[in-house]
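Here is what TrEMBL says about this protein:
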type	residues	note
DOMAIN	58-180	domain 'P5B-type ATPase N-terminal'
TRANSMEM	74-92	transmembrane segment
TRANSMEM	260-281	transmembrane segment
DOMAIN	298-436	domain 'P-type ATPase A'
TRANSMEM	453-473	transmembrane segment
REGION	629-662	region 'Disordered'
COMPBIAS	630-650	compositional bias 'Low complexity'
TRANSMEM	1007-1025	transmembrane segment
TRANSMEM	1031-1050	transmembrane segment
TRANSMEM	1071-1094	transmembrane segment
TRANSMEM	1114-1136	transmembrane segment
TRANSMEM	1148-1173	transmembrane segment
TRANSMEM	1185-1203	transmembrane segment
Amino acid sequence: MNPVLEEDEEYDNDDRYNRPLLRKVSADKRRDKSTVIDFSNNDGSDDTSIQRVYLEEEDLNLLLAGYKFNRYRLYTYYILCILTGGMFYLIGRWIPKLWVWLVGNVCELGRAEWVVVKNQWGDMSIEYVIRKYYGGTISSVFPVDHPEDNNVSRLASYRTDDILHNLHFFDHRYIRFIYNPILGKFVQNNFWKDPTWVSVKMLKKGTNRETRNEREIIFGQNLIDIQEKSTVQLLIEEALHPFYIFQIFSIVLWCLDEYYYYATCIFIISLTGIITTLIDIKQTMKKLREMSKFICNVRIFRGNLWRYVSSEELVPGDVFEISDKHLHIFPCDAVLLSGDCIVNESMLTGESIPVSKLPIDDTSLHILDLTTTNVRPEVAKHFLFSGTKIVRVRRAKNGITSSSADVGNTSDDDGALAMVVRTGFNTTKGSLIRSMLFPKPHKFKFYRDSFRFIGVLAIIAVIGFLISTYNFIRLGVNTVIIIVRALDLITIVVPPALPATMTIGTNFAIGRLKKEGIFCISPTRVNVGGKLNVMCFDKTGTLTEDGLDVLGVRFINQTSRRFTELHTTVDTLSKSDNNTNNSSIPPILCAMTTCHSLKLLNGELIGDPLDLKMFDFTKWILEESGQGVSSSALDSPASSTHSGRPSSPTGPGGIVPTVVRPPNSRQFDLEEVLGADGKNGDGKPTPFIELGIIRTFEFVSSLRRMSVLVKRLRNQTIEVYVKGAPEVMRDICRADSFPEDYDELLHYYTHNGFRVIACASRSFADLSWMKAQKIKREQIEQDLEFIGIIIFENKLKPGTASVVETLKRAKIRQIMCTGDNVLTAISVSRECGLINKASKVYVPRFAQGSSLSSRASILWESLDNPKDSLDSTTLKDYPSEYPFIGPYEYDLAVTGDVFRWIMDYGDEMTLYRMLVKGQIFARMSPDEKHELVEKLQEIEYCVGFCGDGANDCGALKAADVGLSLSDAEASVAAPFTSRNMDIGCVIEVIKEGRAALVTSFSCFKYMALYSIIQFTTVSILYYYGSNLGNLQFLYIDLFLILPIAVLMGRTEPFPRIHPKRPTASLVSKKVLTPVIGQILIQSGIQFLVLIIIHNQPWYRRPTFDPNETNIKNFDNSILFLLSCFQYIIIAAVFSVGPPYRKSMFTNVPFMITTAFFTLLTAVVLISPSSFVINHLELENIDYLFRWYLLAIVIADFLISLFMEKYVFDVISRWIGIVIDGSTRSDKKLFKKILAEMDAKEP
């Protein structure tokens, strides 16, 4: 039995650690199934020798096969390597499948000495199994902690407290796979979770020395340490690349042929290339190592004692102090147990806004899922990510300032504590580093076809080799010379400089992009940018300005029960007399000043941009005091502190973390304050406003709201303020509290692109501070009174509309992919021109069920006329009144929940139709953005994604061309990064991509023609027993070809993007027709000139001497000069200009170079000096014939140019009609789907 991964086979449900992944594989039944992974081996194998694994996070299908060395075969392999001078070693190195077949036998995974790992792209790696003494229990390595697990019964049938003496494991892509003897399979250890982690109290116990030692064996050291190869190893690996081996072969051959000059030049160029590549690899690895490797001292609680250890020694379960003054960056993934902190997570998300973290509770601990690096939003507020920077830490009781306790103290001294949950490459940072080390391979047609083209040239070389060998035998040439001359043809037809010239256009494009502030870390993606046909944009920070501005506030007029006019400043809002209580400020202003998660750091407010804008609108002052303003702080004068500085605590233990108050508050007289009832001598409420935020319920995406408990100065009442999406307020507010025009006004603002936040409130008269700390969220977020709305506007960036219009003219489809509200997204899309203002937009909703139900049904309704709807399966729009009329122009605006439902439960063709018609994808999570990109690629779109780096990393990595507008560290995961924060960089990337792609084609065709022209010249001369001289070869190869080939790529891109994309296939009719045509023209002219000179009265046939080089003769001289002109002609003909590049006349260095060599060659032809004649070994040609030959050269140029411009394109279209028929069907899947949707019903 061969280890085979069948095409449609589900993964083995027997693997307990892949259980969560299996669920996704089953749901996503449309995952790519085009790849069959096959190991061929003559040895038998069974189910215990192979294993199939799906790595969800990296979208990798892996096949693992266990092998042991066959000693006899291994020794035979060594002998063959020695006997063949290392050639057999090279073949085994280049074809690892052959090496596996030669030296290994398939065996059970548990007995394997090494494991062959192969993925869906055919990449194979050999991983050696490490055996290490363990001595712990089976359950400590493979805990049974999920009662719903299919393997629980199987594991439970064994004694999991049995001792596991040895661990068998291997590391692949820095993921550790450990052999489970019960399951008979390798399982990943990055999903490990201790079953005892059931309560925060249990977590605080930490680990002991024995547990720590066991877990270090399981997980290794807490290091993200990239294995760095030595310089010698890198040098050998680079030198043993097939390309360099071919160059070494060519250099040896040229030396045998005494062609020392060019051999030396190629050797120097090759050596320079190897050293340059080596330096680049070393520098890249150095940067990655510096970014990934981090070691610090950490104060941990182990064995009931506090001690300092190196962060390398941390293992899951260790409790450490984050309030330690020496700790600035988290060395692992952890959960916060006590205290609170503010962290900067820009390294992971690209989001530079600091994030507040709170201690985890037992409820959140129960839903902690470590089977994925994506942490649930409910847990993320307690989760500390490895590599994130600590902005501020507050200890459990003693305030911000931390003074670490002495080493050896058994008390946690009320510090801010966290527990390690993941270490090393298992952390979120480790996952990001892995994604940069192992990017998804990109199967671009140009690169695939280039190797096919080289293969065709190699076939031509072999044919030439056989013909030349026969000819030399006919002439009676020495055997050694026959071999050297015939092999020399191979180096002519497949020139060693060919691969280098293919990167010329890319390198020039990267240089020009860099000048525009666009940086590229993946050069191969530059050419891909030329083939983009769909561009996805994030909205906020990409199409629109980064933040939202408060347009104004509207609350309820108690008399008319309608909304008030828009209040655009806080002054008009404060003067309003429509308050529902006796306060001097309206409740909505209280909500705006308190219902947020802002923190004070170094005198500046930090937090969510929307909260910052909202608070700035109020002009109020926020104050903090250590762990919090004490209870007496609310009794102290309002002016005891000033804005931007935390107030000093006045009591031993703060209970009010944050206080807000109006600006310019005057000091009040304590005599005016009579007691807890908050009334002065007149019996009126005190005019001094100071609000203390005593508890905050953070924003939860599933609830789409947040709330706070607030205590007013000298007042026993605790008030609740809630803000969130308007849609959720209906469920938590009293129906009679909504104004009459609520729906009307909400519809107006949302349909015009504004962001609306609704606010509500409630009062608790007898709620003590202690009860407030224990009350549940659902108890306060009910029976609320609706108090008003805050309207935000999100302005388009200045260049957005023009870029969208440019891409639209270029017929590049554009999609908005955002986490914002669908109505806001539609409005912004219409404003910037991404969708036509006149076109219909259909929005889906669940008519029955929800996104979690497979039996749900979806209704697609027109935004402007809900009576119009689409067929839920075909998604076609035919007006019911006129069914004979074709479909109208319409677009789809898809919401994230509907996208998820169709992905999981919908019909495949419905999904594809949604993808080709969907222009807006709203309320999309980061994972859904990633999946959208992959699904668009599945229907053969070439996808670009442009985002600001915040939550877009997955989509940026998955896209064919990812362009990040963020200069944060996480943006290194995107191929392109722009320092210019507008989407104009997309235009530059596409223009440069198209220019680079066309340049690569031009250079490739030029090098191919250069090879064939020289092959024709040499083959003709071989027939007469002659050849080109060494200096002639050197002049052509080094001085003529290289400068022209390099400077061809310097032409800049055309300023406008043409609607038609350049071809990416080297074997297409459009490319092959001119190449074959030019080969026929240039070869034909050489034969024509040869016939003409043979009929000249002054012509002398070359005399053949087996012992001489036979260089100097008329055939050699004329063909050499003619071919020199042909190289220049082809360069000019293949220098493509508009519509993808500027005219070649704008490329001044190229024009100067071609003009110089044209003039130089003409001088050598018409009036050569004796120095030139002697060194180039030229014959003295008849003077009149020289002018005649120059006329032929001019005719050659005109014919070649005319055919290239006007004839070959017509011929290629004619060939297409003959081969494909008069009507050519679209090959791309998305085009077929669009054609089917646009077709009229019969």
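Each residue, glycine too, has its Cβ placed from N, Cα and C.
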### Query
Of the listed stretches (74-92, 1007-1025, 1071-1094, 1148-1173), which one yields the highest count of Cβ-Cβ distances below 8 Å with the transmembrane segment (1031-1050)?
1148-1173
### Query
So which of 260-281, 453-473, 1071-1094, 1148-1173 is most in touch with the transmembrane segment (1114-1136), counting Cβ pairs under 8 Å?
1071-1094
### Query
Hey, which bits of the same chain come close to the transmembrane segment (453-473), Cβ under 8 Å, at least six residues off its ends?
481-482, 485-487, 489-490, 492-494, 498, 1004, 1008, 1011-1012, 1015, 1019, 1022-1023, 1066-1067
### Query
What are the helix, strand and coil residue counts for the domain 'P5B-type ATPase N-terminal' (58-180) according to DSSP?
41 helix, 48 strand, 34 coil
### Query
When DSSP states are grouped into helix, strand and coil, how many residues of the domain 'P-type ATPase A' (298-436) land in each?
28 helix, 41 strand, 70 coil
